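Here is what Swiss-Prot says about this protein:
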- HIS112, HIS116, ASP299: Fe cation binding site (BINDING)
- LEU135, VAL136, SER137, GLY138, GLY139, ASP168, GLY181, ASN271: substrate binding site (BINDING)
- 323-344: region 'Disordered' (REGION)
Amino acid sequence: MRIVLGIESSCDETAAALVATDRTILAQHIASQDEAHAPYGGVVPEIAARAHAERLAPMIEAVMQEAGVDYADLDAIAATAGPGLIGGVMVGLVSAKAIAMAAGKPLIAINHLEGHALSSRLADSELEFPYALLLVSGGHCQILLVEGVGQYRRLATTIDDALGEAFDKTAKILGLGYPGGPAVEKLARDGDAQAVPLPRPMLGSAEPHFSFAGLKSAVLRAKESGDHEDADIAASFQQAAVDCILDRLQVALGGDDWPPALVVAGGVAANQTIRAALEGFAADRSMRFVAPPLALCTDNAAMIGWAGCERLDLEQDDPLDFRARPRWPLDPEAEPVRGAGVKA
């Protein structure tokens with residue numbers, strides 16, 4: 001058994017974790033910045049970076065002490081090196097480099113998206129390659145075929161906004177505050193998903209990509225009309241999102257040879273309505289459905305540590321001069337898609 005220290009600081013969660021190659025999470029801490037960013041309705045990069053700088057070092061010491069592990073006991077240090085808010089990414093990566101240099105341990109620079117892509121393998125030892133992945137978060141919405149560690153084939157992406165961003169915008173329109181995803185999901189439980197006629201962008205298109213900008217605009221018009229209850233708007237928005245997801249999956253993956261498993265990851269993967277719809281979609285096509293525990297859906301260091309474990313087993317480490325990357329696609333060979341390269 002080998003131990004990896006994982007560090008995550010790409011957005012507004014500061015996190016550190018110790019993860020073993022036998023899938024044991026020895027210790028993990030996470031500090032959210034929701035209260036700091038709530039007055040602004042979204043993440044302010046400067047505030048996020050400052051909070052990471054204040055919290056990360058004592059957090060790392062805390063997980064080391066909790067697990068009873070010394071730096072000499074570590075086998076590698078893994079840190080998110082992108083994509084993300086560059087100030088926060090640099091805080092975590094520089095800290096990882098310092099520890100790696102001082103302890104004489106390998107540095108493993110992790111693509112934050114790869115952390116999400118592999119997170120279900122931390123929780124499920126039976127999940128093997130290949131599998132289809134729906135990656136849905138505040139900054140990304142992609143369908144990928146995961147063929148191995150570092151082997152990702154992008155099948156679809158968003159041409160404008162990510163689904164998590166659409167949830168946050170809907171929450172703001174409805175006065176629900178930040179973060180918006182959980183608030184919209186909660187309000188939607190009291191609404192009628194068929195009450196508000198909202199568009200399903202790209203539905204029926206032969207192209208597999210997503211689009212949510214038009215859906216956001218339609219939510220705003222529905223609210224401004226004064227003709228609908230907020231709960232009905234939330235429920236109708238959520239149902240429109242589900243319909244778009246299932247249609248895009250059908251186009252991206254459809255054929256005679258479905259992947260053996262469908263995995264969902266990212267912050268939006270915590271949405272229970274979306275999970276249930278995906279589970280039904282997979283069952284109808286004889287695919288196994290896998291979703292990580294809720295704690296591994298949002299940004300966390302355990303998934304970064306696990307991605308480090310996966311790469312450590314393959315003897316893949318990185319030089320200490322590895323530079324932070326604000327944009328870092330999982331599939332660098334994927335053809336450019338209009339609007340899709342903005343955040344990855």
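From the backbone N, Cα and C atoms, a Cβ is placed for every residue, glycine too.
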Check: Quick one: Cα separation, GLY181 (substrate binding site) versus ASP299 (Fe cation binding site), in Å?
Finding: 14
Next item on the list: Please work out the number of neighbouring Cβ atoms within 10 Å of the Cβ of GLY138 (substrate binding site), leaving out its own Cβ.
Entry: 26
Notebook entry, point to check: What is the total of other Cβ atoms whose distance to the Cβ of VAL136 (substrate binding site) is within 10 Å?
Noted result: 30
Checklist line | Lowest local Cβ density (other Cβ within 10 Å) among binding-site residues: GLY139, GLY181 | finding: GLY139
Next item on the list: Would you mind listing, in sequence order, the residues at least six apart from ASP168 (substrate binding site) in the same chain with a Cβ closer than 8 Å to its Cβ?
Entry: GLY42, GLY138, TYR178, PRO179, GLY180, GLY181
Check: What is the total of other Cβ atoms whose distance to the Cβ of HIS116 (Fe cation binding site) is within 10 Å?
Finding: 30
Item checked: Close in space, distant in sequence - ASP299 (Fe cation binding site), Cβ under 8 Å, 6 or more apart -> GLU8, SER10, CYS11, ASP12, GLU13, ALA15, HIS112, GLY267
Notebook entry, point to check: Which of the three DSSP-derived classes (helix, strand, coil) applies to ASP299 (Fe cation binding site)?
Noted result: coil
Next item on the list: Let me know the DSSP-derived helix, strand or coil state of LEU135 (substrate binding site), please.
Entry: strand
Item checked: Three-state secondary structure, which DSSP defines for ASN271 (substrate binding site) -> coil
Note to self: Pairwise over LEU135, VAL136, SER137, GLY138, GLY139, ASP168, GLY181, ASN271, annotated as binding substrate, what's the top Cα to Cα distance to the nearest Å?
What the structure shows: 17
Margin query: I want to check the contact list for SER137 (substrate binding site): same chain, sequence separation of six or more, C-beta distance under 8 angstroms. What comes out?
Written below: HIS116, ALA162, LEU163, GLY164, GLY266, GLY267, VAL268
Next item on the list: Count the other Cβ atoms sitting within 10 Å of the Cβ of HIS112 (Fe cation binding site), across every protein chain shown.
Entry: 29
